Ligand code: FES
């Protein structure tokens with residue numbers, strides 16, 4: 001600290017007290033300091049019920065312990081669900097429809113587990129921990145032995161004020177809740193490391209690899225040689241589900257697309273995360289790659305919307321540069337060069353979906369993507 005600084009500090013106004021006992025700033029020297037206002041002081045401390053009534057404090061203690069106990073129960077249920085519920089078990093929920101029961105069970109129990117710890121800690125702080133207002137004077141950052149000793153004393157006083165020593169029920173229930181809470185984290189960590197254990201083939205195929213039945217005039221599937229007649233899936237607008245004509249796709253326009261018939265599948269959400277597509281129209285002569293041009297029509301091209309980094313939705317299109325941007329970690333794909341990565345952490349181009357136009361002018365996909373969609377982590381196996 002310079003002498004100037006020390007001098008300026010020594011010229012700070014001192015504090016005296018007026019007749020009512022309130023602190024008032026006063027001047028030290030002749031420098032013209034601005035007028036100071038009267039320090040209103042701290043408001044009177046209002047005691048809570050538990051401060052003076054041991055029965056109320058014990059009631060709060062039980063409520064806090066109950067919330068920590070609820071967290072423990074939810075954590076145990078998390079582990080049970082993890083072990084018992086099969087990966088093919090489903091439940092039907094409002095809005096979401098049919099979803100995996102395991103995901104729902106793990107999500108709900110983990111949420112209750114965290115909520116129990118959080119609410120318990122808040123209730124503890126509001127009803128039992130000290131709520132005395134304190135004033136901490138400013139001091140230099142230099143630390144010495146006395147300061148360290150003070151710190152230890154403050155921590156010890158804090159523990160006393162939080163009543164952690166006097167309330168063993170809270171101490172042990174909080175320890176149990178936090179200790180058990182580590183279990184699901186550990187399970188997720190251990191389960192998420194190492195080679196990919198899912199079905200890699202599942203990632204290689206999407207709904208675009210399958211066809212839909214052709215319906216007759218009576219609304220029933222047409223049959224030929226005892227088998228239903230099928231055709232490739234049309235490109236449908238997401239979310240309203242209407243088919244897209246080539247003539248609808250004007251230069252520069254962008255469509256978010258799903259395969260026809262996706263809502264008739266057993267798990268529409270699971271299908272959507274693999275089969276989402278972005279359809280864009282650009283000037284055909286801007287496309288440098290011959291195969292990319294051939295897999296589109298008149299400059300209209302379709303690409304997987306699932307980012308090859310970790311699977312976010314690549315939904316931002318910059319028309320002047322022909323760049324597709326993933327909002328999660330800014331991976332950028334160049335639409336004029338087969339969606340190759342020009343920036344960001346993604347390692348693979350976005351897979352292209354070949355499109356064609358049928359007799360009625362609607363766009364359809366003759367077959368699925370030529371490579372797996374989404375992140376490349378499955379390659380680790
Ligand atoms: S998920 Fe797209 S950049 Fe990370």
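Counting starts with 1 at the first residue shown.
Every residue gets a Cβ built from N, Cα and C, even glycine.
The feature compositional bias 'Basic and acidic residues' is assigned by TrEMBL to 26-58. Positions annotated as domain 'Rieske' by TrEMBL: 295-364. The feature region 'Disordered' is assigned by TrEMBL to 1-58. For 64-85, 100-122, 174-196, the entry in TrEMBL reads transmembrane segment.
Note: the domain 'Rieske' (295-364) comprises 3 helix, 28 strand, 39 coil (DSSP; helix = H, G, I, strand = E, B). The average pLDDT computed for the domain 'Rieske' (295-364) is 93.
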